[in-house]
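J.: Pasting in a structure now, in structure tokens, and then I'll have a few things to ask.
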Amino acid sequence: MHAHPDDEVIATGATMAHYAADRDTRVVLVTCTLGEMGEVLIPELINLRADHADQLGGYRIGELERACAALGVTDHRFLGGAGRWRDSGMMSSPSNADPRSFWRADLTAASEALVRIVREVRPQVMVTYDAIGDYGHPDHIRAHDVTVRAFDDAADPDFAPQAGEPWQVSKLYETALSRAAVDAAVDQLWRSDLAKTAPEGISMPSDMLLSVPDAKVTTRIEAPDFFAAKVEAMRAHRTQMTVDGFFFALVNGDGQAARATEHYVLARGTPGPPAASGKEDDLFAGLVP
């Protein structure tokens, strides 16, 4: 479950494309908001912003549809329906106080919205952010809280019986940035020609990218065959990021390397057998199909 359009591809794009290509695996993307409070990189679309026409959310639905097509994901849902909860903006922004914002969402109501999907789809695995929302965005934090709550609520026969038959999800993963992977990627960027031609104001700071110690990472999904699909999906979110080869920059000016290998921490459930790396190499490791 992701907070805004574009989050899915940055953190989990290669993983989603990898599993979407497997006809025996169903990938369902749930997005919590339309990303209405985002900035806009394209000058001719600048008036779509929330402080102008406030039409960015609708435009980003189209970007998300194109990104899903690039990843091969055919089942996408907005939590509670498109527009049910609004992008809260960055932490401490005035928009955090908007009663429509996801940050202000009633946890029980939001959990029930996700439980309805879980009980319909009956997944073995769920994926979301860690408790600080990867980098402290209020919607990412709320997405974590709602997913953890729904993981438990979906299996509780007394919770929202109108939302379907109870279902116990086997594993819950949190996305992660491996510290070693971040350092290697930043080093690669500084050594590349892109570092010499990066636009003014673009930074590539490893210290600014919140990461986790390698020892905490439980699962590493290597999907080099789907790197091109991930990059294509990134390009679909053209109001939010620029992409040049393996390098991308968000509207805040921070540059990162797109990753074909994505890392996770198992938060709930039993780990499967490790690969040669000592980490799981499959989110479904140890599970019976």
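Keep in mind that glycine also has a Cβ here, set from the backbone N, Cα and C atoms.
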J.: Among His140, His144, His263, indicate the single residue that Swiss-Prot lists for the Zn(2+) site containing His4, Asp7.
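T.: Of the residues offered, the record points to His140.
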J.: Tell me, how many other CB atoms lie within 10 A of the CB of His140 (Zn(2+) binding site), whichever protein chain they belong to?
T.: 27
J.: What are the non-local neighbours of His4 (Zn(2+) binding site), defined as same-chain residues 6+ apart in sequence with CB under 8 A from its CB?
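T.: Listed in sequence order: Thr31, Cys32, Thr33, Leu34, Gly35, Gly38, Arg60, Asp87, Asp139.
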J.: What same-chain residues, at least 6 away in sequence, bring their CB to under 8 Å of the CB of Asp7 (Zn(2+) binding site)?
T.: Thr31, His140
J.: Specify all same-chain residues, apart from the site residues His4, Asp7, His140, whose Cβ lies within 8 angstroms of the center of the Cβ atoms of the Zn(2+) site, ordered by sequence.
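T.: Sorted by sequence, the hits are His2, Ala3, Asp6, Cys32, Thr33, Gly35, Tyr129, Gly133, His137, Asp139, Ala143.
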